[in-house]
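Novice: Next up is a structure, given as structure tokens.
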Amino acid sequence: MNKSKFVIEGLGRKKALSGTIAVRGAKNAILKALAASILFEDEVEFKNVPEIEDVRRMRELLVGLKQNPELHRDIAERLRASIVLTGPVLARYGEVTFPFPGGCVLGERPIDLFLDGYRAMGAEIVENDGLFIIKGKLRGAHIFFPFVSVTATETLMLAATLAEGRTILENAAMEPEIDSLAGYLNTCGAHIDGAGTPTLKIEGGGILRANGRPYITPPDRIETGSFLILAALAGHDVKIVDCEPKHSAALLSLLARAGIKFEIGESSISLRQGLTLPQAVSVRTHEYPGFPTDLQATMAVFLTQAEGEATILETIFDGRFRYAEDLARMGADIEVLNPHKVRIRGPRALSAQELEGPDLRAGLAYILAATVAEGTSVVNNAYIIDRGYLAIEERLSKLGLNIKREQI
Ligand code: EPZ
């Protein structure tokens, strides 16, 4: 692995960024669509693919699966999305072997919903030496998820596509990436009803055929949201293009409440800043269409620069405030009240620091914090940011930010 870091010259309170920034295809859509290619008899073409590290890892896993239905252990242990492959592999080949999936450390990330789902669909599970071995010919089942889970919804939806009979998934996740995938699979012979609602009905059937129809990766709504927050913090005239504004509704409503002015186009959002300070707004993360947990850290940076006191209530994960200490070191007034709640008082001037993001999304939040800080910050471990954001330094440079990648 090529080790590098970002060096960022902070702007302090200057609203200096301007220009246009394009949003790339969604990481959490393409990873699942790549996994779904197992359900196809023919080749699937993917468009608008971000060439990020996680996509490379998923491709490597797919190549490995050509030999046998077993996920490459080292890779799967580093990529949470690897679990999504288990559904299509089991449904197609009648067996799959995989380790407990890794990924960003955000607190507990169990896989009980997946295992319960496979059992309900008639599979048998053996755990041996840290590996799960699942076998069986899948049949449709009625599954009620006790918690809403994005990847469990996607994985069981994919498994059900080739299972025998009808599957009903209740209390399913409604993220737009699920809708995008189901829509594509339906054009290729699947029968998935209700994607984008809490109840999915899937009539299992035969193997899918793309017949030359490509999967077009939808724009990344987390990237869109991060750019919006960056523009609100440090931009005076920034246009975000190639995005889907309606997928950012929760964030836009909070930014509007904070006093940020923006204009929404069909696939663009423009921010024009006045000189007034944004007002603090409290945030509660929620499954889509609520405020995404993946924007929680970036929103915390925003709140360090807003006038007043606000709290962030993190309802999805129980270990997602690991960034708080670093922001405090930079001068933020931030206090972790409990594993689900932080309080932030602003505005506070931030000073440059050497930082290292505890996870992908917090890594990007550190780039934002470094942008509004006084002085030159270093954000170590660029790899964790490269997992989800394509050439971020090149794209942010075009807005006028002095950010450079340096090899270590
Ligand atoms: C997806 O993770 C995303 N990852 C995450 O993005 C995102 O933060 C998360 O959804 C929430 O939106 C991918 O799509 C690859 P969950 P996922 O299962 O599916 C509990 C990023 O940076 N749960 O919806 O793993 C779980 O512990 C990443 O791009 C169980 O209890 O999240 C959590 O509290 C980070 N049992 C809650 O459900 C299970 O079997 C929701 O997590 C599964 C999950």
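Glycine residues also receive a Cβ, built from the backbone N, Cα and C atoms like all the rest.
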Novice: Have a look through ASP42, ASP129, ASP294, ASP333 and flag the one TrEMBL assigns to the UDP-N-acetyl-alpha-D-glucosamine site that ARG80, ARG109, PRO110, ILE111, ASP112, LEU113, ILE316 belong to.
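Specialist: Checking ASP42, ASP129, ASP294, ASP333 against TrEMBL: the UDP-N-acetyl-alpha-D-glucosamine site match is ASP294.
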Novice: When a 10 Å sphere is centred on the Cβ of LEU113 (UDP-N-acetyl-alpha-D-glucosamine binding site), how many other Cβ atoms does it contain?
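Specialist: Excluding its own Cβ, the number within 10 Å is 19.
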Novice: Using Cα coordinates, what distance in whole Å links PRO110 (UDP-N-acetyl-alpha-D-glucosamine binding site) and LYS27 (phosphoenolpyruvate binding site)?
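Specialist: Their Cα atoms are separated by 21 Å.
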Novice: In angstrom units, rounded to an integer, how far apart are the Cα atoms of ASP294 (UDP-N-acetyl-alpha-D-glucosamine binding site) and ASN28 (phosphoenolpyruvate binding site)?
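Specialist: Between the alpha carbons of ASP294 (UDP-N-acetyl-alpha-D-glucosamine binding site) and ASN28 (phosphoenolpyruvate binding site) there are 11 Å.
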Novice: Take the Cβ of ASP112 (UDP-N-acetyl-alpha-D-glucosamine binding site) and count every other Cβ within 10 Å, whichever protein chain it belongs to.
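Specialist: A 10 Å sphere around the Cβ of ASP112 (UDP-N-acetyl-alpha-D-glucosamine binding site) contains 11 other Cβ atoms.
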Novice: If you run the three-state DSSP split on ARG109 (UDP-N-acetyl-alpha-D-glucosamine binding site), which class comes out?
Specialist: coil
Novice: Report, in whole Å, the straight Cα-to-Cα distance of LYS27 (phosphoenolpyruvate binding site) from ILE316 (UDP-N-acetyl-alpha-D-glucosamine binding site).
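Specialist: If we compare the Cα positions of ILE316 (UDP-N-acetyl-alpha-D-glucosamine binding site) and LYS27 (phosphoenolpyruvate binding site), the gap is 19 Å.
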